[in-house]
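Colleague: Quick one: the structure is below, and I'll ask about it shortly.
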């Protein structure tokens, strides 16, 4: 049983392992733990071949796909073989027409009929008029039979009077080799039909010629000639097999590159799509598109901007919904922090589904508050109706939490209609938000509402057109802001029947009585997948409603709808369906290969007609560099050709010593060239200097061409020297008269020296490292040298050969007539009385026809090589474009979520109820607000409806963000901005135990090392104050920061897997928020525990005293005033503040 050999097998040579080492990509960052590898098994049906030449892909399905691809690629070369056959028919027609007589009519008609068949077959195959099965299964064998019939017809009809063992042997060897390079069949059938053709041809010639022999001496000569024929055929078969192997190896490499490129492209597209979906779940598409456009600008364009880019847009006539959980404090007391976050995650995931169904754009989640907007970014006439239906559904959904927790929690919902300014502020941790007076009103509508009811304003009421029953809301009695503004409010009672009809038309019938969607009622208690403190996930169940989600995606165009595609992650995970996935991937690969094969990529790229070189010099240079380098197999073919050439010449003329000398010298020289060419392929087996020299030849075009020319020159010179030596040996002592007897040697059958020249043409074709123009030059060298010898130096030899052949084979009267003809100048072939064209001309024409055929094939191979190169370039460019888009999307995503969190959500599709969370024991939290910005903000026309005020706030927040680029603040993470409040935390890193400093556990560190990040956070707060001072000095404003800080443990995580919102929760966060809200402008307020730690780092404090904090009672607080010792920054420098004005001395 054959051994299954992978890429790392030491017996598998470096050449092949390098070319087939295609380990398909895995992405460790995305949690893909499996790599897709394709192994190559050294097995096959043609067991007579060496083991390393029997290549088969594993699995079998991939091998079958490759065989289809390979035969499809070879199908076009089938047309090349048809052209070869047509050229042979043209040759026969010319040879018969030149010396036309009655006995030439039969071969002439057969050749003409064959030529017509070749043309018809060419048209049918070229136009694709034949069924695919016939074209691939029948036509190759039909063409083989047609060519064989033409050769035997020419042999039997044209040489009927004087058969010789060398008749049509050159053409037979030519077509045998052509079968290997053109037929779209597996290697085994080609070997079989080639052997059958050669055996039949040899038997026919042997039997026919043997019947004409007159003595035993002629029988020995016939045996040597038959053996010479065998060596010619053997050479054609061996070199043909090597050619097939080299083509197979090249196509396997191209096939694997195509498969790898497809998987990489699919991988990149999938990741890019995931990033885009994640991005669009956080940001509206119009904002994300604008951000991507700006990110692609070069730095010079960005430097010309006077202000930081702000993505802010005005949206009028939208409905704003605020919803708050009533009784959240009671709920917090009944649950641990992690249980509370789980519960919120599940509840808000339900809200996100409802938001998708009712065309809402969720804006933010602020603790237990959820707010969204309808009519943004795309305007809807029924925005108010949708928002109210959303509110009713949320009230219904909270009943599940009430039943599960046995608490009195409820939802208080407020809706207001008006104008908002929507966008993002700052340069880091982007979150979409809205600002306007109407947003404030909507917030107050929620605050002044009643639990379990939907509270709406007069402006929302005006948009309902009486579609809901309402009652007075009396919101002013519960909210001073509403009372001061004189806003009339209402409470929704129930929907009228018309609303159901509207819901059915606009929401696809998703509403039920009381306005609550049926899907909001839980079918079973939901169990949540969460991450433990070590970051590992565990799943305890799911109630993800996939059908509802798909319906919501179909109903809401703004909801991210991922494209249907084959997911590589699923390929890695779904073990049960592995074979089905492999089939699907192979099908996609086949479609991709068909698509690129049908594209005329070479025609699209400007190339010169004659040379086929690219008109673009840079493209031509790239092609030259990437062109297939020297192949050991190609130079090995030259060695095989020279060996068979020597055997043929020795068999024909065993007494000529020059044959032996040229063989030994030529083989030594060719072995030197072969070893030098293989040193770069097997660097471990050769000295370093030789490897370096071989590599230099590979890299240099002119050196490669020179090396190839040397090989062909050696073959040509060996043949030329042997021909001239033979001529001198046999022609010198004798006087050339018609009646002279010759003693064998080249004089008996000089055609064989032309046949070995055909082998030199075959060796030229095998030089894959040179262009078709170089091959044409070398083939002209071979053909020109043989032509010169045939027509000049060897002219007497061929004349004597024809003279003796016709004299011996015919009757005395016919022989006398032919001798008279041969003795006249009519030997040039123009005299119609000659039975055959003189051998010196027929052999010369044969060489030119074969050279022309091989040149046509070389152009085809060159075109194929350039096509493969362009495919590779296009795939590379396509991957670069996808990668570039992925890079920008990734930059956006990681600017909205921490990198380790984004990586988690890009790994695979998450359920809405799935929770990502991590616990941290020792972190710092900071809130920094601009209390007097509210006085600065106005929506007057002079401020462009408030946009210019927000532009100034954007500059402030952007400058705060730019501080985070300093390496000193690498452990500080911006959490979010809430209006004009900036929230950040320190030590929130993926590693729970180390907080990102070292790999050692916290038990191994001192308190000062463990809390260094808290000191950095305090430095960051001081830097923010300095930054704001610089801004005030330049803008003549007097903004002041009110900052609160605290330290302790938190739970960090993401609520909503499909629309992720990253935040931190816990008592530490609550206290930090209270430190800010109860603080004093211009100061940083901390509690006593935080003050004790920060004192160790040289920070100065002033005692404020006990203050009352809601939910905590009285707390002793301190104001941080500065630092005695300056912070140690890299290179001893201090923080470079944005907008800092440096006075020059």
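We count from 1, first residue shown onward.
For all residues, glycine too, the Cβ spot is worked out from N, Cα and C.
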Colleague: Which range is it, out of 774-794, 795-815, 858-878, that shows up in Swiss-Prot as transmembrane segment?
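Modeller: Going through 774-794, 795-815, 858-878 one by one, Swiss-Prot gives transmembrane segment for 774-794.
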Colleague: From the candidates 289, 294, 368, give the one listed by Swiss-Prot for the same Mg(2+) 2 site as 324, 325.
Modeller: 368
Colleague: Looking at 569-589, 590-610, 611-631, 632-652, which stretch does Swiss-Prot describe as transmembrane segment?
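Modeller: Within the set 569-589, 590-610, 611-631, 632-652, Swiss-Prot attaches transmembrane segment to 632-652.
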Colleague: Out of 135, 962, 1035, 1077, which one does Swiss-Prot list as phosphoserine?
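Modeller: Swiss-Prot annotates phosphoserine at 1077; the rest carry no such entry.
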Colleague: May I ask you to report the DSSP-based helix, strand or coil state of residue 1077 (phosphoserine)?
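Modeller: Where residue 1077 (phosphoserine) sits, the three-state DSSP reduction gives helix.
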Colleague: Return yes if the transmembrane segment (173-193) and the transmembrane segment (753-773) have at least 3 CB pairs under 8 Å (sequence gap of 6 or more), otherwise no.
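Modeller: Counting Cβ pairs under 8 Å (6 or more apart in sequence), the transmembrane segment (173-193) reaches the transmembrane segment (753-773), since there are 3 or more.
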Colleague: Output the single range from 226-246, 632-652, 663-683 maximising the number of Cβ pairs under 8 Å to the transmembrane segment (753-773).
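Modeller: Ranking 226-246, 632-652, 663-683 by Cβ pairs under 8 Å to the transmembrane segment (753-773) puts 632-652 first.
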Colleague: Quickly jot the same-chain residues contacting the transmembrane segment (774-794) by Cβ under 8 Å, restricted to those at least six beyond its ends, or write none.
Modeller: 705, 708-709, 712-713, 715-716, 719-720, 723-724, 727, 750, 753-754, 757, 760-761, 764-765, 767, 840, 843-844, 847-848, 851, 854-855, 858
Colleague: Taking 10 A as the limit, how many CB atoms besides its own sit near the CB of residue 1077 (phosphoserine)?
Modeller: 16
Colleague: Which range wins on Cβ pairs under 8 Å with the transmembrane segment (707-727): 139-159, 381-401, 632-652, 834-854?
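Modeller: The stretch I would name here is 632-652.
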Colleague: The transmembrane segment (834-854): which same-chain residues, six or more beyond its ends, come within Cβ distance under 8 Å?
Modeller: 83-84, 87-88, 90-91, 94-95, 98-99, 101, 103, 158-159, 161-162, 170-171, 174, 178, 750-751, 754, 757-758, 761-762, 764-765, 775, 779-780, 782-783, 786-787, 790-791, 794-795, 798-799, 801-802, 806, 818, 821, 826-828
Colleague: According to DSSP, which of helix, strand or coil covers residue 465 (SUMO3 cross-link)?
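Modeller: It is coil.
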